[in-house]
């Protein structure tokens, strides 16, 4: 589909190269260290930090006592339909990958009480923060997963998710670490399997290199269509978007996020 860029019609692949320099390598210096320890687990390929600041007493208590009640166990088959994870069953299911402090996930869960949400986050401090919000606001439509989101995608039944959100993921700027980025051909295919027809994958990132990377992977995926029709569609947040703490930090530091929406065909 052609859209307008600088007053002339361009195809989506051409536009993505114009806007995000898809064919150019990332400009981050190779000696830039990533903040945190690198870990792997299970049969997947998760890389990232597991724990940062020491947990406060109440946070530790939530991890020990509340998390087991909300945590998904993927060593047994997923329920079908997936909506029966909740009692009573919800109407739709959504997934947020790497929810950080949980600001966006909490806001979405409160705004859509008839939708069930799965939040995947291996970072213990982020898990403790969202557990505190869940407890304080008595939120009943969130389940949590502390492992590799690619394993979770393989676990859910095909066509069971109405939407997947990936908001300000770790960009892994060094070229030798690009294979650690969540968006890969294999995970794009896994998301396509998990999403219902006309479901959406939404991606927010303030690093143009990773935005370009994501566009390149999604534009070559036959099961997805980029929904942008004009520049503001990726330059501005979608309606009712909840800015995360990391998003506000990026704005303070002068980095503008891009907001991408892809439809599962």
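Using the three backbone atoms N, Cα and C, a Cβ is placed for every residue, glycine included.
These figures come from a predicted structure and were not determined experimentally.
Under DSSP, residue 121 (S-adenosyl-L-methionine binding site) is assigned to coil, being neither helix nor strand in the three-state scheme. For residue 121 (S-adenosyl-L-methionine binding site), the number of other Cβ atoms no farther than 10 Å from its own Cβ, over all displayed protein chains, is 24. Per Swiss-Prot, S-adenosyl-L-methionine binding site is recorded for 96, 121, 148, 170, and the stated evidence type is sequence analysis.
Per Swiss-Prot, the feature active site maps to 170; the stated evidence is similarity to another entry.
Mapped onto three states, the DSSP output places residue 206 (substrate binding site) in coil. Shown in sequence order, 168, 247, 250, 255, 256, 257, 258 are the residues of the chain, 6+ apart in sequence, with a C-beta less than 8 angstroms from the C-beta of residue 206 (substrate binding site). If you look up Swiss-Prot, you'll see 174, 206 marked as substrate binding site.
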Counting Cβ neighbours within 10 Å across all chains shown, tell me which of the binding-site residues 148, 170 comes out on top.
148
Roughly how many Å separate the Cα of residue 121 (S-adenosyl-L-methionine binding site) from that of residue 174 (substrate binding site), to the nearest whole number?
22
How many other Cβ atoms sit within 10 Å of the Cβ of residue 174 (substrate binding site)?
16
So if I draw a 10 Å sphere around the Cβ of residue 96 (S-adenosyl-L-methionine binding site), how many other Cβ atoms end up inside it?
24
